[in-house]
Ligand SMILES: NC(=O)c1ccc[n+]([C@@H]2O[C@H](COP(=O)([O-])OP(=O)(O)OC[C@H]3O[C@@H](n4cnc5c(N)ncnc54)[C@H](O)[C@@H]3O)[C@@H](O)[C@H]2O)c1
Ligand SMILES: O=C(O)C[C@H](O)C(=O)O
């Protein structure tokens, strides 16, 4: 049985993530963690979750804390703390502001729970995953970000509607930045196990319109309700369940790649990775020439911003 901690549990994503994660059968303890001064809110949230557990007959223990030592013994620590973007902002605009708090939380996790899996959600998630990797001192496979898993799910949904098939019949993935330079892998997309390019409907597929929907999903939700909540929370819970259950599924998370995809790497970015109880192992894959070019651009963008953010942090700015 496992202990899962959520740093940033009082936020929009943190709250729903707590509920979604509590449905995973391997979770015996849920720790809601926040900064000092947030104890009353954390306490209220713990009470409310307890009521939910009572209502559904769950034995999961829910605790709250702002004391770093309480992170000890966690199997997974999810970080959802950070400033979210507002309408009109890009996720990248949050980089410098969120990097400082992520570096501090990562150092705390590296100290108190060095064997845990550290799972970053805060945006820009690829850059924050690299910051967390550096400042936690943990091994690359132990530090993951939500990456393009949610984007891949958004594409899956759009394709299931276009082909009019059950969503579980669609296998697809998006790699690269969780942002404007994301790359859909049409070469790795199948419907009912058949390559999408071999289906007659493929020639009418409105690729640009679908990718527009996927890329703008976050801002379309934020402009209407202020935050994305259920999509990220359930995407996070899938990844947590995969890791705790040692399920060895291949999901597209942000993780450090050295040269796995066509010799491109030295960055934390969304890439297909095998997930088990030890964390993420990026897969070496071959993709089409066009996809390689687009992925290289995405990597260069994310690597550049990551370097700038880490330099500023190292200078203490
Ligand atoms: N990767 C993804 O797909 C994805 C999806 C949704 C949200 N996010 C990101 O997750 C983060 C949280 O989003 P949200 O909608 O829950 O925001 P929110 O404002 O509702 O919650 C923010 C949380 O961070 C904490 N926090 C804020 N400033 C802090 C500081 N200086 N020190 C410590 N903790 C601090 C708050 O107390 C709160 O718990 C944002 O960065 C958002 O962009 C990422
Ligand atoms: O779009 C955002 O800023 C939130 C998140 O990254 C998302 O894609 O839902």
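Here the Cβ of each residue, glycine as well, is placed from N, Cα and C on the backbone.
Here TrEMBL flags 3-145 as domain 'Lactate/malate dehydrogenase N-terminal'. The feature NAD(+) binding site is assigned by TrEMBL to 8, 9, 10, 11, 12, 13, 14, 98, 121, 122, 123. If you look up TrEMBL, you'll see 85, 91, 123, 154 marked as substrate binding site. Annotated domain 'Lactate/malate dehydrogenase C-terminal' per TrEMBL: 148-308, in sequence order. Residues annotated as active site, proton acceptor in TrEMBL: 178.
Just so you know, of the recorded positions 85, 91, 178, the Cβ with the fewest other Cβ atoms around it within 10 Å is the one at 85. With the fewest other Cβ atoms inside 10 Å of its Cβ, the least crowded of the binding-site residues 10, 12, 123 in this structure is 12. For the domain 'Lactate/malate dehydrogenase N-terminal' (3-145), residue counts in helix, strand and coil come to 70 helix, 28 strand, 45 coil, using DSSP. Considering only the binding-site residues 8, 91, 121, the residues lying within 10 A of residue 178 (active site, proton acceptor) on a C-alpha to C-alpha basis are 91. Between the CA atoms of residue 8 (NAD(+) binding site) and residue 91 (substrate binding site) there is a gap of 18 Å. Mean per-residue pLDDT, taken over the domain 'Lactate/malate dehydrogenase C-terminal' (148-308), amounts to 97.
For ligand 1, the nearby binding-site residues are 10, 121; that is, of 10, 121, 154, these have a C-beta under 6 Å from one of its atoms. For ligand 2, the neighbouring binding-site residues among 8, 14, 85, 91, 121, 123 are 85, 91, 123, by Cβ distance under 6 Å.
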